[in-house]
Amino acid sequence: MAIDPIKLSQELISFPSITPTDNGAIDFLSNTLSQYGFTCHVLTFGDDQVQVRNLYAQLGNGSPNLCFAGHTDVVPTGDSEKWKFDPFSGKIEDNILYGRGVVDMKSAICAFVAAVSRIDFNQINGSISFLISGDEEGNYFKYGTPAVLKWLTDNNKKIDFCLVGEPTSQSSVGDTIKIGRRGSINFKIVCNGVQGHVAYPHLAENPVDNMISILYKISNTVLDNGNEYFQPSNCEITSVDVGNTATNVIPDKITANLNIRYNDMHTSESLFNIINNICAEITEKYELFTAVSGSSFITHPGKHSDMLSSAIKKVTGQDAILSTSGGTSDARFIKDFCPVIELGLSNETAHKINEHAPVDDIYKLTDIYEEFIRQFFNIS
């Protein structure tokens, strides 16, 4: 019997799975998929601080293996008093479903589950799977999708193609398919000097001067002009701190943080060299630290993006845009495992108070997913 994606969404939303807690969401999905013949593995990874629960479920053992990836964890609700309804009530008003995680991304998971439930499994020449992370939004994401992918490798399980249900749509469901993502790298620059009294600058060395010169040059450096699939890389200064509350003291240190969102014309190493060379031109008294959140990648347009575009056209009548804009997602890990593209609901209210999606959009997304599955396995 086919599943109603709205009812399933309401049930999944009712679990307050604020990252990295689970509160029953993974078990609920596992039990639901088990009823449709999926072999489910609830996988827990973590350390002394946290235990993250994930799910890998598979129907069939053959190739190709079409995998849907998503996450059940959600960001905090903020002030729940400002919500129209209880954030975990899954309330519907005026044909709009409200709740934390509706958009990002519980309803997309439910839409794909519902789409699968409409398929005659006997017609599938291959297998369908779900990779569901319990921590995509928080600080323990390494115990989510990356850990599950390692488990798949260790257990000789192969995914041939992955569709991620992140909210990619802009104005209407299906108008945007993500075929790649920009990389993200954080820099911390520390300039050192000599502390002293502002009245005796010759006895001190103000590191602020060097930092101003460094940041000015970085801000005026054009990293690239973009290319066919990516917008230009951009660098944003996010903080500048001296930790000095006294107005008559020259500080001995200044720290600046910046983030670069970069396209496939760069690597984290090439960007480090650019920033490091700028710092070295200005002063020898600096330290440079980096943290890479994810590398840029692209799944070049081909049969899978064509299938998804065709499914969108059939259901909605619109032509989808292929995009690489926006932030990072777990696709940055999956791309090392298999080809991956992303399609989900509109991202307009993701992470916001009164997060919501029209009921019709969820049904429409379910129809798109179903049509994509049929095309993928050549099912009439």
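Including glycine, each Cβ sits where the backbone N, Cα and C put it.
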Can you find which of Glu81, Glu137, Glu370, Glu371 Swiss-Prot lists as binding Zn(2+) 2 at the same site as Asp104, His351?
Glu137
Among Glu11, Glu166, Glu205, which residue does Swiss-Prot annotate as binding Zn(2+) 1 together with His71, Asp104?
Glu166
I want to verify one value. Collapsing DSSP to three states, which class is His71 (Zn(2+) 1 binding site)?
strand
So among Asp73, Asp104, Glu166, all listed as recorded positions, which is physically nearest to His351 (Zn(2+) 2 binding site)? Use the C-alpha atoms.
Asp104
Neighbouring C-beta atoms (10 Å sphere around the C-beta of Glu137 (Zn(2+) 2 binding site)):
21
Would you mind checking how many other C-beta atoms are within 10 angstroms of the C-beta on His351 (Zn(2+) 2 binding site)?
16
Shell list (Zn(2+) 1; ref centroid = CB of His71, Asp104, Glu166; cutoff 8 A):
Gly70, Met105, Ala108, Glu136, Glu137, Val164, Gly165, Pro167, Ser329, Asp330, Gly344, Ala350
For Asp104 (Zn(2+) 1 binding site), what residues in its own chain, 6 or more apart in sequence, show a Cβ-Cβ distance under 8 Å?
Val74, Val75, Glu137, Glu166, Pro167, Asn347, Ala350, His351, Glu355
